[in-house]
Structure formats: structure tokens, C-alpha cells
Amino acid sequence: MGSDLDRQIQTLLQCKIITEAEVKDLCLKAREILVEESNVQRVDAPVTVCGDIHGQFHDLKELFKVGGECPKTNYLFMGDFVDRGHHSVRYPDRITLIRGNHESRQITKVYGFYDECFQKFGSANVWRYCCEIFDYLSLSAIIDDRIFCVHGGLSPSINTIDQIRTIDRMQEVPHNGAMCDLLWSDPDPDSCTGWGLSPRGAGFLFGESVAKPFLHNNGLELIARAHQLVMEGYKLMFDEQVVTVWSAPNYCYRCGNVAAILEVDSNLNREYTIFKDSDRSSMNSRTTPQREGPPDYFL
Amino acid sequence: MSTSERVLQNNHLRHREGLTTVSHDWTMVKAGSLVEKQTLVTIDADATVEDACEVLLKNGITSAPVYDSVKKLYVGMFDYGDLMTYLLLLLKKMDVPLEDQSLEMRDLIQRTSRSQNVPVKLASAHGDLSGKDPFCTVLEETRLGAVVHDFGTGIHRVAVMDAEGNMKGILSQSSTLDYLMRHLSEYPQLQPVMQKSLQQCGLSNGRVLSVNGDEKVLDALISMSTNSVSSLAVLDEQGVLLGNISMTDIKHIMKNLRTSWLWITCFQLVCKIRLSQGVESGEDQYPVLDVNAKSTFGYTLSKLQATKAHRMWVVNDSGCAVGVVSLTDVFRVLSRLIDTDD
């Protein structure tokens, strides 16, 4: 079994796809691991925290070059692995993954992952296996009880980390409620009311007057999250107590942004590293400037 | 009351401490005060329809008044509805051959109208080509109570004029809603209706005009035009809401000059628009904007304001569309309040 996995990893690293049967098998194995994880997965520092990837495979390889190869470096990815980019259907090795708003059946049907699976495998089966796995992903992570990591943000239904542990997470992302808010909310530096409805149509906007008490009451020093494109790769807010980390450089192969990762050492010191898109990715964007139909398979 | 509703109610009540005891009557607010800081964008009556469309796109607006510089007066409003009606008229005249289906919009219009540039004054004659939404004017002094009455009958916007006949600005249903929601704490008379459920307001079910996700965009636009509505729910075979298609979506077709988007399916258009908007704003939006029968009127208005949508679909527990709350419906409810107070 060990050599099978190695062979599959090698195939994937060459940006080639594995068979549907292999995907099904991997998903079953992944489920066994994920079902044991908590809604608030404990992670020990040192660890490198990453934001949205959105299927930008070659840029993910770039990320591993910059941050150090897994498993020598511990990684925590804050969701949104799929949709948009052309290579959502491959991920090597075990690292801590938490769920993003795109790890959802409804969203992947609109934003590209469903189409990509159908195009590459000829049926909806691989998409279904992956969506089942998404249901098992943790909702959040906590590094040494001090740094709280979630894809979107806070919820008016959640005041303590313990409340997150009581959520029944193994389901499709609901349209409202605590689980939805954690994956959809955004911090709002201009907020004067604390909470507001989100312009996204799900989740909330939360201000400093909500974030700071949450940090204080839960003994946290930082909330790390992703979910919003940041041109400079990362953005600090609320006296550096909330940070957005975005890890898809030149998003959609045309935004021209840089990406970032957050390296947390064993003393919880934080360092942000910026990186640009890989050569393979920028080649792709030069040859296909405007995307209309389902993404082409690019080798 | 759900968490969302509790949170919003706290927001609305938050600023009340410290206010004087003088009760402000929202119906007495002057129309002029709502358009004070507006920069007016106008379209020349002799401009071509394609040029007029470009004005809307460039300024990120959905309508603009049309000014005849010879007659020195305003002759109507031009909006995406007019563009759509004009386009459909042209396209209905003949079957568009396959090779023309990917032409740039300008070229398509040229082809189908045999290179006759139709001036926009014809397209927006008597208010507008589509025949609905007449060019309505009010004075700066006109009170909001009267304007809201007009909005409740389906008028989407009014032109605010000063005593000399100069246009000061355009007051739309959207900007009026935004004003009321931002100043809600100053108008306690509105609190009771905000707490009512959509069911209690009689808005929780009604006729849902829809199109199947597999139908072509062009057919949906024709359906909207025939039924005189500005949007359709996009549903799957079970009636589950997938998204919506509205007249303003035609701006996406124009923006990218992608006439080929007229011949894709409605669901594909919903996806393309969401993908495009997500990249532009750096934030992906939820594909459906909906509420349910138990949602409060206030929550529905807050969501309309936050998402800048012109309607919220009412869905049941299975996600099927059972009704719709449009801005016109909102203002009809608000104008009923005024009538019952008299």
C-alpha cells in the first residue's frame, strides 16, 4: 500500500490524473483520518498557515518550494482548495486541512469544480466522492491554544471555541447558522455596528468591537483566516489581531496579486513570506487570457 | 427570533440613546435631500443605442436620463430594459445565423438593423421603449411619502427637479431603501412593520416566474419581456432555486461584448456572472439570494440593502422558490402604512 501511495503522489506531482477507482480509494482512506478530527483541530507549532489555493496546482508546488517540503514542514490549509483554477483534482500527502466555503456541493456546481471533474473523468462520481470527503473536514484549527484559524470568520451564534465543538459538522454547508458563518463571514474594518449582514448573501460582517472581545474571552492572540483576495498576499487588521492570508498568486491567472504564507515557529513568532506565481502558471495565463468554457486540461 | 434577526434589531435600536424626543416622520423627508450629493449622468438624445449602453457601463449605473439639446428638455430614461427590448425587437425580425452568434454586440446591432443607427431618443420615447416605467419627475420639495407611493406601483426611479426645471438627481427604489435602513433608528414608526414576518405581510408566497436552468438565455430574456418582469428565477427540474437572471444581467453580455452568451443556458449564465463578479471583487457571492416565509420584513430589507439586490426569492425548506419580494413589493407595504395612518 505504501508504494501505491508513492506512485500516486509521483503521478500527481507530474500534473497527471489518477484513475477514478484510485480517487475513490484515496477518499475512503482520507475519511478514516478526517472522521477522527475535531471541529476545532489542535495543531502544534511550528506550522505554516496557508489561505485559498483554488486549484492553482503549479502555484501550490511553488508554495511548497518557498515554505519547505511536506512533511518536513507542518502545514495548515484554511480551505478553498477547489474551484476556478485548473487543477483542483490533486493533493499530495497528509496535512491539516480545514473546510472553506467552496468545499460544498452547491458552490462547486457554480464555480467550476463540478465541471472540471466531469470533463476529466467523464462522470460526476469523482465530484461526489470529493464532496463526501469535504463533509468530514474540520471547521477550524487552533495552534497552541493561541492562534485560531478558520476559513471565513466569526458568527453571532458563537462566543466560545467550545461552542464550535458542539456543531454537527458532517453535512453539506448549511445556508445559515454557525457552521455557515464560520466559512462565509468577513472582518469589516469600517463597521460601526459590530455585526452586519454580508454582501455575499451568507455569513456576516464583523467589526473590531466583536473581534477583540472574542479574542480576549478565548485567550487568543490572533485569528488567522482567508476567504478574501488580498493583492499584497496578507492583510492585518484590528491592531494586528486578525489577519487574512491568501495563497493563490495571480488569482485566476489574471489578477496580478502576490500570495502569502504565515510561518509560526515553536515560540509562536510569526513571519509572513510572499511568493509569486510559478513559471508554469504564468505560461498558462499568457496562452489563455480569457476563460469562457470549462477550464482546459493543461499539461 | 433567529440570531440574524436579533443582531439586526440590536443594530437598528443601537443609536436611539441620546436622541431628542422629537419623533421624525419618515414620510416628510424631502426628495431633494436624498439626491444632494449626486453627480448626474445624462445621455444625448441623438446618441446611438450602443453609445448609450456604453455610458451605463462606464458609470456603473443601470439607467440615465436622455436629454434633447435641441428641444432643451429631458425626453425619457434609458435603461437596460430598453436595451433588451431593442435587441429583442431586432433579433425577432430574423433568425440570427450561427456565424453571427459570436459577433460583437455593436456589429450584431448593425447587421440586424441594416446599418441604420437608431438614435436613443427613439429607443426611449415616451419614457421608454419597453412601455413600462414612465419617466416620472418630482420636485425637490416632494415628500418621501408621495415618492414611496409611486415606487409601490412599480416605478423604479424618479427624476428630482428644482423649481427652474433643472434635474438635480435620480432617486431610485434602491437608494431610498438604503437611506431608510441607515436611518431606521430615527424612525420608530417603522419598527412594528420591521418585526412582522413575510407571511404576516402577505409576501411569503406568490407567482414565481421562472425558467429552467437548461433553457437558453435569449429565451429567458424574451420571456421577461413578454411577461413585463425584470427577472426570472432559475430552477432545476425539482423547482429548486439555482440563481436568477435579471434584465441588468444584460450588462454582462454587453460588457464583454459576448453575444454568444445569448445562446448559452441560463444556469451557465448564472455561473459565468458569479465567476466574473467574484474575481472582480475578490469575494465570491452565494449563488442564491433568498429568505423564507418566517423571515422578518426587516431582515429581508437588510439583506436587500447589504447585497444590493432588487429582489429576494422566498424559498421553502427544500429550497424551492415559492414567492418573491421585490423592491416594488417592499414599497407597496410601506405605502400601505401611510394609507392606514391617515
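Note that Cβ sites are derived from N, Cα and C of the backbone, with glycine treated the same way.
Among the features that TrEMBL reports, domain 'CBS' is placed at B:35-96 (among others).
In the domain 'CBS' (B:203-260), the DSSP tally of helix, strand and coil residues is 21 helix, 16 strand, 21 coil. The domain 'CBS' annotation in TrEMBL covers B:203-260 (among others).
TrEMBL lists B:279-340 (among others) with the feature domain 'CBS'. Mean model confidence for the domain 'CBS' (B:279-340) is a pLDDT of 94.
Helix, strand and coil counts from DSSP across the domain 'CBS' (B:35-96) read 25 helix, 16 strand, 21 coil. Within the domain 'CBS' (B:279-340), the DSSP-based counts of helix, strand and coil residues read 28 helix, 15 strand, 19 coil.
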